[in-house]
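Got a structure for you, questions after.
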Amino acid sequence: MAPPQAGQDPPPAADSDTEPPVMVSSSSHTSRLKYVSLGVLVLQTTSLVLTMRYSRTLKEDGPRYLASSAVVSAEVLKIITCTFLVLMENNYNMRAMNQLLKEEIVNKPVETLKLAVPAGIYTLQNNLLYVALSNLDAATYQVTYQLKILTTALFSVSMLGKRLGLYQWLSLLLLMAGVTLVQWPSDSGGDAEEKALSAGSQFVGLMAVLMACVSSGFAGVYFEKILKETKQSVWVRNIQLGLFSFVLGFIGMMVYDGQSVRQSGMFQGYSTVTCIVVALQAVGGLVVAVVIKYADNILKGFATSLSIILSTLISYFLLKDFSPTGLFFLGALLVIAATFLYGYERKPASSSSGIKV
């Protein structure tokens, strides 16, 4: 699973009237961090999609790994990682970390329970992404999944009272048009039975992506609302999310795959590729949390565009599970343009609050 990344605005710039020499150095350092963040985000996003797709289509002798098990494993790894980061924030003082976690998680049950909602939705979303990439090629998935921009925007307007400008509404229209073109059926070769199976598989993948986009939008905005209401470490929040997600994910795994788990174990079908997928999914949300701190919306849009292009090229040349059409390229171009256009007007033009857009 992954934590929310959409709908959060970059932090306001520091006051330029204080300590000019330090600000020059800080500005240069922040600029470098922006582009490092860009590269890390492109690498993480692209590699996760491609390795997940590869792991779900890889021909193996034994049983294929359970998607529900991979989701649970990723949550455990995320909790461990966030706990280590909290320990770092407390100067490796175990007593201080334990006291902090007790105060924020155990002694604030109401605040903690609020995270059960996004945790459940993220758990569902992560399982849906495995379904989607089992039925869609990486390039089509990447483009279609950008509809989360639309769902996040709509939930931001309704739940946070954000205002969207003309360019942003126009970008959402371009986004819908682009995704429609990408999903437009093509007259590919093959017999009727093969076409029917392909169409059925693509429909399942499309439904999974659409449901994931809706859940991503709602959970991301809900989580943002909680973050804006409380002053708490993002790593502590992710530990809380991870605990709920682990419990809910484990219950879901036993309900839907309980028989397979009892017969062959939770880690059946795990390979090196599976472990890479789990690791990428676990740290992915944490990488995005760091990127949000340094990269503005334009750079994030650029990262998304590069990721789409790389996924398309690798899916075509290496995975060989994708045959691009003119409509796909036109749709992908519209989606990339929409991503840039949406981020363009979200960039703050004044020192006003970053909550209203």
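Backbone N, Cα and C define each Cβ position, glycine as well.
Reproduced below are the annotations present in TrEMBL:
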COMPBIAS  1-13  compositional bias 'Pro residues'
REGION    1-26  region 'Disordered'
TRANSMEM  35-54  transmembrane segment
TRANSMEM  66-87  transmembrane segment
TRANSMEM  164-184  transmembrane segment
TRANSMEM  204-223  transmembrane segment
TRANSMEM  235-256  transmembrane segment
TRANSMEM  268-292  transmembrane segment
TRANSMEM  299-319  transmembrane segment
TRANSMEM  325-344  transmembrane segment
With the transmembrane segment (35-54) as the reference, find which of 66-87, 164-184, 235-256, 299-319, 325-344 contributes the most Cβ pairs under 8 Å.
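Per the Cβ count, the answer is 299-319.
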In the same chain, who gets a Cβ under 8 Å from the transmembrane segment (164-184) while lying at least 6 residues past its ends?
140, 143-144, 146-147, 149-150, 153, 157, 202, 206, 327-328, 330-335, 337-339, 341-342, 344-346, 357
Do the transmembrane segment (235-256) and the transmembrane segment (66-87) share at least 3 Cβ pairs under 8 Å, sequence separation 6 or more?
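Touching, yes - the transmembrane segment (235-256) and the transmembrane segment (66-87) meet the threshold of 3 or more Cβ pairs under 8 Å.
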Quick test of the contact rule: Cβ under 8 Å, at least six residues beyond the ends. What residues does that give for the transmembrane segment (66-87)?
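For the transmembrane segment (66-87), the list is 1, 56, 93-94, 97, 100-101, 123, 126-127, 130-131, 134, 233, 235-236, 238-239, 242-243, 245-246, 249-250, 252-253, 256-257, 260-261, 266-269, 274, 277-279, 281-283, 285-286.
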When you scan the chain for residues with a C-beta under 8 Å from the transmembrane segment (299-319), skipping those not six or more beyond its ends, what do you find?
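For the transmembrane segment (299-319), the sequence-distant neighbours (Cβ-Cβ under 8 Å, at least 6 residues beyond its ends) are 34-35, 37-38, 41-42, 45-46, 49-50, 53-54, 57, 137-139, 141-143, 146, 291, 332, 335-336, 339-340, 342-343.
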